[in-house]
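**Student:** For D95, the entry in TrEMBL reads active site, proton acceptor. As annotated by TrEMBL, ATP binding site applies to D6, I7, G8, N9, T10, V11, A12, K13, T119. Positions annotated as substrate binding site by TrEMBL: Y86, G93, Y94, D95, R96, T171. Under the heading K(+) binding site, TrEMBL lists D116.
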Amino acid sequence: MNLIIDIGNTVAKIAVFKDKDIVEVFYDSNQTLENLPDICAKYAVEKAIAATVIDLNEQVSAQLACLPVPLLWLNETTSLPVENLYETPETLGYDRMAAVVGACEQFPGKDILVIDAGTCITYEFVDAAGRYHGGNISPGVQMRFKALHELTGRLPLVSREGRRLPLGKDTDTAMREGVLKGMEYEISGYIMAMKHKYPELLVFLTGGDDFSFDTNLKSIIFADRFLVLKGLNRILNYNNDRI
Ligand SMILES: Nc1ncnc2c1ncn2[C@@H]1O[C@H](COP(=O)(O)OP(=O)(O)O)[C@@H](O)[C@H]1O
Ligand SMILES: CC(C)(COP(=O)(O)O)[C@@H](O)C(=O)NCCC(=O)O
Ligand SMILES: [K+]
């Protein structure tokens, strides 16, 4: 079995895979990886892969250093089943690459836009020949709400849940709709622009912040919450002989 560890800016995701299939997924603190000992005790793990977009504290580094199985760190030196055209592979967040690999595995030979809505929203493009062209980074939903509150004198911290109106009638509804509609327009804008350039485009939506919105583009959109984990699993299997 494979142990997959994806350490994000907000949450760590840990999964166990058997071949290509997810057996179980855990959400954990990125400061403690509390569930890791139990997971290792529960499953006959043979090898592991980890990707992180944060600097790990001593506790987490030590936990990973003493895993009882070989551990592959995903970084710019890792062999990948796609070609990486990012000009600074050493600064790339490898959760982005994992999502791309996960998408290519499901639809090889397709032009794909991957949208990952987590702490940040990332947009990645990989072409039908398996070349990752790069992509864009914008603020995630919680970050938008937090920025409006923290960088102004009078705006409260508004939560995503609550009354929605097409045009705000008070501060709460104005801010909620401003953030959520802004994200929806941003996401559908990317999809439309890329679809214009690549008519056969497929789109994957992933990340912890669920997004379903009205669009006539629905038929080309696949939602897959576990795309990064699946991509990491694919990369681990791809590197089987190298770890
Ligand atoms: N079970 C869960 N545990 C933690 N966060 C969750 C969960 N389900 C949904 N979320 C949402 O997912 C967001 C984190 O998304 P994620 O893609 O994991 O971020 P990152 O990779 O940047 O850490 C949180 O801001 C939260 O709103
Ligand atoms: C863009 C990100 C902050 C996204 O992180 P996440 O929302 O998944 O926690 C992360 O991939 C990152 O720190 N990237 C480094 C910069 C780059 O990819 O070029
Ligand atoms: K993200």
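Cβ atoms here come from the backbone N, Cα and C positions, even for glycine.
A quick note: this is a predicted structure, and the numbers were derived from the prediction, not measured.
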**Student:** Can you give me the Cα-Cα distance between the residue listed as 'active site, proton acceptor' and T171 (substrate binding site) in Å, rounded to a whole number?
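**Tutor:** T171 (substrate binding site) has its Cα 35 Å from the Cα of the residue listed as 'active site, proton acceptor'.
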**Student:** Counting Cβ neighbours within 10 Å across all chains shown, tell me which of the binding-site residues T10, T119, T171 comes out on top.
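**Tutor:** Answer by Cβ density within 10 Å: T119.
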**Student:** Give the subset of the binding-site residues G8, Y86, G93 lying near ligand 1, defined as CB under 6 A from any of its atoms.
**Tutor:** G8
**Student:** Taking the residues D6, I7, G8, N9, T10, V11, A12, K13, T119, which the record names as binding ATP, find the longest CA to CA distance and state it in Å to the nearest whole number.
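**Tutor:** Taking every pair among D6, I7, G8, N9, T10, V11, A12, K13, T119, the longest Cα gap is 13 Å.
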**Student:** For ligand 3, pick out the binding-site residues T10, Y86, G93, R96, D116 that have a CB under 6 angstroms away from one of its atoms.
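**Tutor:** Cβ < 6 Å from ligand 3, in sequence order: D116.
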**Student:** Using C-alpha atoms, which one of the binding-site residues D6, T10, A12, D116, T119 comes nearest to Y86 (substrate binding site)?
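**Tutor:** Closest by Cα distance to Y86 (substrate binding site) among the binding-site residues D6, T10, A12, D116, T119: D116.
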**Student:** So which of Y86, Y94, R96, listed as binding-site residues, have a Cβ under 6 Å from an atom of ligand 2?
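**Tutor:** Passing the 6 Å Cβ check against ligand 2: R96.
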**Student:** Taking the center of the Cβ atoms of D6, I7, G8, N9, T10, V11, A12, K13, T119 at the recorded ATP site, which other residues in this chain have a Cβ no more than 8 Å from that point?
**Tutor:** N30, V53, I54, D95, G118, G208
**Student:** Write out the long-range same-chain contacts of G8 (ATP binding site), meaning residues 6 or more apart in sequence whose Cβ is under 8 Å from its Cβ.
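**Tutor:** Those within reach of G8 (ATP binding site), by Cβ under 8 Å and sequence separation of 6 or more, are N30, V53, I54, D95, G118, T119, G208.
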**Student:** Rounded to the nearest angstrom, how far is the Cα of T10 (ATP binding site) from the Cα of T171 (substrate binding site)?
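**Tutor:** If we compare the Cα positions of T171 (substrate binding site) and T10 (ATP binding site), the gap is 27 Å.
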**Student:** Roughly how many Å lie between the Cα atoms of T10 (ATP binding site) and D116 (K(+) binding site), rounded to a whole value?
**Tutor:** 13
